[in-house]
Amino acid sequence: MTNIRKTHPLMKIVNNAFIDLPAPSNISSWWNFGSLLGICLILQILTGLFLAMHYTSDTMTAFSSVTHICRDVNYGWIIRYMHANGASMFFICLFLHVGRGLYYGSYTFLETWNIGVILLFATMATAFMGYVLPWGQMSFWGATVITNLLSAIPYIGTNLVEWIWGGFSVDKATLTRFFAFHFILPFIIAALAMVHLLFLHETGSNNPTGISSDADKIPFHPYYTIKDILGALLLILALMLLVLFAPDLLGDPDNYTPANPLNTPPHIKPEWYFLFAYAILRSIPNKLGGVLALVLSILILVLMPLLHTSKQRSMMFRPISQCVFWILVADLLTLTWIGGQPVEHPYIIIGQLASIMYFLLILVVMPTASTIENNLLKW
């Protein structure tokens, strides 16, 4: 009798994706983050669902409904903080996942990579809209500042902003639609993630060497299922340490003050995972220029396959490119720090230098380093 998992139409899909999938024998822990992102997404959808049962998307009651969740709903506080800090864990995994792709040349899987970039944009949009929902000071002013950036678009800008707001300022209509979008987007992300996997399984996984591993494959189960479970346990441990011991560590104290359109907070800044992009935005004195730089800072990932000049796929055996990569990581950390600082000397100039360096490293230094390595190896 043939096995049901190999014959049943639904089980066959699961089997080919998670059980009998041929996987390279040498993929390291950097390959764990895909499954961790899946776990983060499921966790966010579940906690978000329970939060939505008690949340009201009205400007008069939104803030107090979140307070009610934390005070009166059974285990509401843990659901709320798991959702808020779950977003941080989500972005940590996302950044490491993208970094892994850059380091090991996974961007040569074009469809998988491009859908990944779309996923990154969708996740950033979801997180931004979710941050607006508690309707604290930083929620309101963050929404005002970021949506206002669209007014920099020539000719249609002002109309576009008012269309998104549903009025002449961030108000009830804005909050309601942000809640609607925040609810639907994670399901779109889940669908996109399945397409992401579909394209990945067309080619098979990359591995640290960047060399074809067709000659040496092992079944995904039990080898990588057990490895993913270990990763998941560590992820949940990190998340619960954050939730139970320092739930407000990554948040902004201003968001515990109800939104007040008449009182601007001294320093408007987004959540930590957007600070690098926010620093790039602020480092350009022109509004439209800043918005373009902001979008390009993420969209530049699409160009990675075109900028790949090396004869080798991975950076594993390319010391010069490795140095450039880690300088880029340091630059992004610098930008993250600058994004959280006030707009004054010396932070302005540091931010501008770090922003220039970010684009230079990706567009000029990395391809040059690759070409130098090719020449050194007489290729």
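From the backbone N, Cα and C atoms, a Cβ is placed for every residue, glycine too.
The transmembrane segment annotation in Swiss-Prot covers 33-53, 77-98, 113-133, 178-198, 226-246, 288-308, 320-340, 347-367 and rests on similarity to another entry. Per Swiss-Prot, heme b b562 binding site is recorded for H83, H182, and the stated evidence type is similarity to another entry. Feature annotation from Swiss-Prot assigns heme b b566 binding site to H97, H196. The ubiquinone binding site annotation in Swiss-Prot covers H201.
Of the recorded residues, H182 (heme b b562 binding site) and H201 (ubiquinone binding site) place their C-alpha atoms 29 Å from one another. Listed stretches 33-53, 113-133, 178-198, 320-340 were compared with the transmembrane segment (77-98); the greatest number of C-beta pairs under 8 angstroms is found for 33-53. Note: H196 (heme b b566 binding site) has non-local neighbours T112, I115, G116, L119, i.e. same-chain residues 6+ apart with C-beta under 8 A of its own C-beta. Fewest Cβ neighbours within 10 Å among the binding-site residues H97, H182, H201: that distinction goes to H201.
Segment contact holds for the transmembrane segment (288-308) and the transmembrane segment (347-367), given three or more CB pairs below 8 angstroms at sequence separation of 6 or more.
Contact between the transmembrane segment (33-53) and the transmembrane segment (226-246) holds: at least three of their C-beta pairs are under 8 Å, each pair 6 or more apart in sequence. The two recorded residues H83 (heme b b562 binding site) and H97 (heme b b566 binding site) have their Cα atoms spaced 20 Å from each other. Same-chain residues lying 6 or more positions outside the transmembrane segment (320-340) and placing a CB less than 8 Å from one of its CB atoms are 99, 102-103, 269-270, 272, 274-280, 282-283, 310, 347, 350-351, 354-355, 357-358, 361-362, 365-366, 369-370, 372-373. With a cut-off of 8 Å between Cβ atoms, the residues of this chain six or more beyond the transmembrane segment (347-367) that come close are 279-280, 282-284, 293, 296-297, 300, 303-304, 307-309, 321, 324-325, 327-328, 331-332, 334-335, 338-339, 341.
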